[in-house]
Amino acid sequence: MKEAEIRRLLAANLLCVFSVILTAVLPPFFWKGFTVLGTHLVWLCICSVCVSTFNVILHLVLRPNLTPKRSSFAHKISRFLKCCIYFFMSCILFHAIIVLYGAPLIESVTETFLFAVLLSTFTTLQCLCILGPNIQAWIRVFSKNGAMSIWESSLQITTMGSILGAWFGAFPIPLDWDRPWQVWPISCSLGATFGYMAGLIIAPLWIHWNRKQLTYKSR
């Protein structure tokens, strides 16, 4: 396994972490009264847009796909539209799952959907950037020993980190602490964000430490 590829992955992941930090640090200079907790829905939108933009640009520049193929303009447009449809379907699916796990059905529809968009940004968008709209490839990557590159291993770790972070973030909500960050869906979205950032940092380090055991084969 080439060290240069691991360093590229680390640099890309650190840039994604930096993009998340920017969404909390930069807006207060342009938006008076902006805070992650006080204007949480606005932050959810800014974070989703910023992380999405960074991910798309990074993958267009680095091209981590194993077998990039030249294709016609029509094929690229079709692929782009499929990716948009898959992302929207992911938002709807996450929204339904979140409601089934106990989120308000009617009272906080906007909050729940924006949280679903954030989760889709941390998980589905990365799958679309690396694997494209290929469900078979998604199933392969998230099966046991299904990764075929360090990018796919990183995808596994960051996706699981985001979902686990959102799940752990739900634990404080029913407690009677009466803290501002217990309002839905602040703790869950912060948990997903920290889980995503942790996954981005852990992934290249884990791959580096286990590089001798990792053997990727084409399938």
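Cβ coordinates come from backbone N, Cα and C, glycine included.
According to TrEMBL, the protein has these features:
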- 9-29: transmembrane segment (TRANSMEM)
- 41-62: transmembrane segment (TRANSMEM)
- 83-106: transmembrane segment (TRANSMEM)
- 112-132: transmembrane segment (TRANSMEM)
- 153-171: transmembrane segment (TRANSMEM)
- 183-209: transmembrane segment (TRANSMEM)
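At the 8 Å Cβ cutoff, the transmembrane segment (41-62) and the transmembrane segment (112-132) share at least 3 close pairs (sequence separation 6 or more) and count as touching.
Stretch with the largest number of CB pairs closer than 8 A to the transmembrane segment (9-29), among 83-106, 112-132, 153-171, 183-209: 183-209. Count of Cβ pairs under 8 Å against the transmembrane segment (83-106): among 112-132, 153-171, 183-209, the largest is for 112-132. Listed as Cβ neighbours of the transmembrane segment (112-132) (distance under 8 Å, sequence separation of 6 or more from its ends, same chain) are residues 41, 44-45, 47-48, 51-52, 55-56, 59, 64-65, 79, 83, 86-87, 90-92, 94-95, 98-99, 103-104, 138, 141, 151-152, 155, 158-159, 162-163, 166, 184-185, 188-189, 192-193, 196.
Within its own chain, the transmembrane segment (153-171) is flanked in space by residues 9, 13, 101-102, 115, 119, 122-123, 126-127, 130-131, 141-142, 147, 187-196, 198-200, 202-204, 206-207, 214, which lie at least six positions past its ends and keep a Cβ under 8 Å from the stretch.
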